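A.B. asks: The feature transmembrane segment is assigned by TrEMBL to 55-85, 97-115, 135-154, 235-255, 275-300, 340-360, 380-399, 444-468, 480-510, 562-581.
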Amino acid sequence: MPRRSRPVRVSPQKMAPTCPRSLLRYRSFAILLFAPLLLLPLPITVPTREAKCAYIIIIMAVYWCTEVIPLAVTSLMPVVFFPLLGVQSSKSVCLQYLNDTNMLFVGGLIVAISVERWNLHKRIALRVLLMLGVKPALLMLGFMIVTAFLSMWISNTATTAMMVPIVQAVLDQMDNTENDVTMMEQATGQTNTVIELEEKNASDPTPVQVISNGQVPDGTRSSEEKKMKKRICKGMTLCVCYAASIGGTATLTGTGPNMVLKGQMNQLFPNNNDVVNFASWFGFAFPNMILMLVLAWLWLQCSFMGFNFKKSWGCGTVRTAKEKAAYNVLKAEMKKLGPISYAEFNVLIMFALLVLLWFSRHPGFVKGWASRLFPEGEKYITDSAPAVFIALLLFILPANKPKFIGWNSSMSDTEQTEEDIKKPFLSAPLLEWNVVQRKMPWSIVLLLGGGFALADASANSGLSAWLGHQMTPLGSIPPWSIATVLSLIIAVFTECTSNVATATLFLPVFSSMATSVKIHPLYVMLPGTLSASFAFMLPVATPPNAIVFSYGHIRVLDMVRSGIVMNIIGVFCITLAINTWGRPIFELDTFPTWANSTTNQ
């Protein structure tokens with residue numbers, strides 16, 4: 001007979017962990033099912049457009065925060081449920097998904113994709129790093145400046161993904177060189193020790209402890225050097241993800257929340273006279289970015305490297321072997337790129353032309369090209385027009401020099417090769433659609449569109465006015481304290497949710513609050529927008545954090561400790577900016593007529 005196996009007894013301690021696991025399996029299903037059911041009494045008991053609009057917004061907020069379905073899929077819910085509930089027509093809702101602001105975002109992203117396609121961003125990064133030098137403090141500053149600058153124009157994810165391998169290669173080469181130098185020093189030290197021992201034994205038979213470098217034992221030195229090496233590695237990698245998040249705030253197209261502000265200003269205040277455009281945003285956010293970058297650099301220096309001027313800055317010292325190795329790595333990477341190609345030069349020209357068109361369209365202090373060259377240009381032309389124009393040129397301009405095959409009287413037609421005749425005058429363009437289709441973050445485009453649909457529905461249904469009326473008691477609180485508190489709330493909230501979703505949910509509420517207490521809407525919307533990009537504490541908070549964390553040098557606790565201070569720095573800089581140079585740029589001391597007229601509607 002076959003041997004019967006004994007029944008395995010499972011202890012209650014082993015059974016207990018299975019219960020939470022089984023619950024986690026049904027978590028997404030439970031949220032998807034029960035969130036609409038539990039909130040269903042709201043539109044039933046209060047059958048108004050405001051309540052129905054709030055019902056959909058709350059469900060979308062739950063889905064966005066928990067990510068039970070993709071963010072872009074949640075963003076499509078207004079197309080279905082606003083018409084079904086009678087909040088807005090399908091035509092009105094669908095118009096928000098590819099409006100002027102989204103076209104500006106798409107045009108800017110196409111130009112950014114062309115910069116990535118031809119490695120122009122890598123050439124710029126390496127050139128700046130070679131110019132700044134490789135002293136520890138300057139090397140970190142160089143990484144942060146390059147990352148922040150590139151993040152102003154291309155996505156912070158792509159910038160971080162490009163910069164972290166460069167940082168890793170530099171650190172590895174410095175580490176290898178240090179190991180080689182240490183081995184040489186140990187070999188030299190052992191020789192010197194033998195000579196010193198022989199001389200000492202000849203003169204004095206008393207045994208003495210000989211230390212190779214004359215200062216500390218090798219074991220102590222090596223352990224301290226390893227700790228310092230780890231700290232430098234952490235600081236160098238953290239500076240990249242932090243600079244990527246900071247740099248994206250400087251331009252209107254640099255990150256999603258900025259575009260959310262632009263679009264919702266146009267939705268909620270259609271007569272705002274284009275108060276938020278590329279030039280005005282840059283004038284406000286770029287100085288704030290510089291201040292944040294400097295303070296972040298000082299904080300990372302103090303926390304990971306120590307503030308030793310002689311060691312970090314190299315004052316009065318020559319370049320060490322490690323610094324030479326780092327410089328050689330950067331030079332080798334630059335050499336791999338070769339001389340600047342025809343395609344790179346064309347992309348650089350197109351990029352510079354786009355920035356020039358954005359700045360000069362409506363600078364504010366003088367008439368821009370839009371009003372000078374075109375009748376009623378300020379009314380009809382927005383920042384999306386030059387963005388899409390340059391994007392169109394990228395699909396037309398050739399990636400290689402055009403080849404002119406002239407007629408030569410000394411050569412017969414038969415002498416000309418058929419290949420030269422068949423070659424087209426223009427080569428393949430700088431950008432092809434399959435590249436754009438693969439690299440374009442379409443999910444963000446839909447996410448922005450869903451947010452604009454929510455803002456438009458909130459205004460038209462009366463939900464924004466109702467929220468504003470509920471917040472009138474806040475008028476007794478000083479505006480600067482309101483802005484500071486809201487910045488702190490957003491900075492904490494964005495650690496757990498998408499920064500675009502955070503801005504989408506909170507900005508309409510902030511605008512309603514501002515109009516109810518009669519303060520400039522941008523006084524609270526600007527801090528909320530910038531704070532949505534300050535996700536410094538957790539690896540899952542933003543893709544740059546996740547990329548840096550994946551390299552294994554940083555623990556979650558390291559990021560949390562540094563991120564808390566970074567959030568405080570960010571809120572401090574925003575409070576300073578909004579109460580100093582932000583006031584004259586956006587005229588924040590007065591309540592604008594366009595906000596008052598919208599409130600009365």
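Using the three backbone atoms N, Cα and C, a Cβ is placed for every residue, glycine included.
TrEMBL annotations: computationally assigned, not manually curated.
Remember, predicted model here, so these are calculated numbers, not experimental data.
Tell me about the setting of these features in this model.
C.D. replies: Long-range neighbours of the transmembrane segment (55-85) within the same chain, counting only residues 6 or more positions beyond its ends whose Cβ lies under 8 Å from a Cβ of the stretch, are 27-28, 31-32, 35-36, 39-40, 42-43, 93-94, 97, 442-444, 446-447, 449-451, 453-454, 457-458, 463, 496-498, 500-501, 504-505.
With a cut-off of 8 Å between Cβ atoms, the residues of this chain six or more beyond the transmembrane segment (97-115) that come close are 79, 121, 153-155, 158, 252-253, 259, 262-263, 266, 347, 350-351, 354, 382-384, 386-391, 394, 430-431, 435-436, 439-441, 444-446, 448-450, 452-453.
Residues of the same chain lying 6 or more positions beyond the ends of the transmembrane segment (275-300) and with a Cβ under 8 Å from any Cβ of it are 140-141, 144-145, 148, 152, 235, 238-239, 242-243, 246-247, 249-253, 258, 261-262, 265, 358-359, 361-364, 382-383, 522, 526, 530, 562, 565-566, 569-570, 573-574, 576-577, 581-582, 585-586, 592.
Beyond the ends of the transmembrane segment (340-360), by six or more residues, the same chain brings 111, 114-115, 117-120, 123, 153, 278-279, 282, 368-369, 383, 386-387, 389-390, 393-394, 397-401, 430 to within a C-beta distance below 8 angstroms of the stretch.
Sequence-remote contacts of a segment are chain residues at least 6 beyond its ends whose Cβ falls under 8 Å from one of its Cβ atoms, and for the transmembrane segment (444-468) they are 48-50, 52-54, 56-57, 60, 71-72, 74-79, 82, 87-88, 92-93, 96-99, 101-102, 105-106, 256, 259-260, 263-264, 267-268, 498, 500-501, 503-504, 507-509, 511-513, 515-516, 598-599.
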A.B. asks: What same-chain residues lie close to the transmembrane segment (135-154): Cβ under 8 Å, and 6 or more beyond its ends?
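C.D. replies: 108, 111-112, 115-116, 121, 124-125, 128-129, 160, 162-163, 167, 170, 232, 235-236, 239-240, 242-248, 250-251, 253-255, 289, 293, 296-297, 300-301, 305, 311-314, 323, 326, 351.
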A.B. asks: Give the one range among 235-255, 380-399, 562-581 whose Cβ atoms make the most pairs under 8 Å with those of the transmembrane segment (480-510).
C.D. replies: 562-581
A.B. asks: Could you give the residue numbers and ranges of same-chain residues that sit at least 6 residues beyond the transmembrane segment (562-581) on either side and whose C-beta is under 8 angstroms from one of its C-beta atoms?
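C.D. replies: Result: 238, 242, 283-285, 287-288, 291-292, 295-296, 299-300, 303, 480, 483-484, 487-488, 491-492, 495, 523, 526-527, 530-531, 534, 536-538, 588.
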A.B. asks: Grab the same-chain neighbours of the transmembrane segment (235-255) for me: Cβ-Cβ under 8 Å, and only residues 6 or more beyond its ends, written as numbers and ranges.
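C.D. replies: Same-chain residues near the transmembrane segment (235-255) but 6 or more away: 104-105, 108-109, 139-140, 143-145, 147-153, 156-157, 159-160, 163-164, 167-168, 170-171, 262, 276-278, 281-282, 285-286, 288-289, 292-293, 296-297, 300-301, 303-305, 383, 387, 499, 530, 533-536, 542, 544-545, 547-548, 551, 553-554, 558-559, 562, 566.
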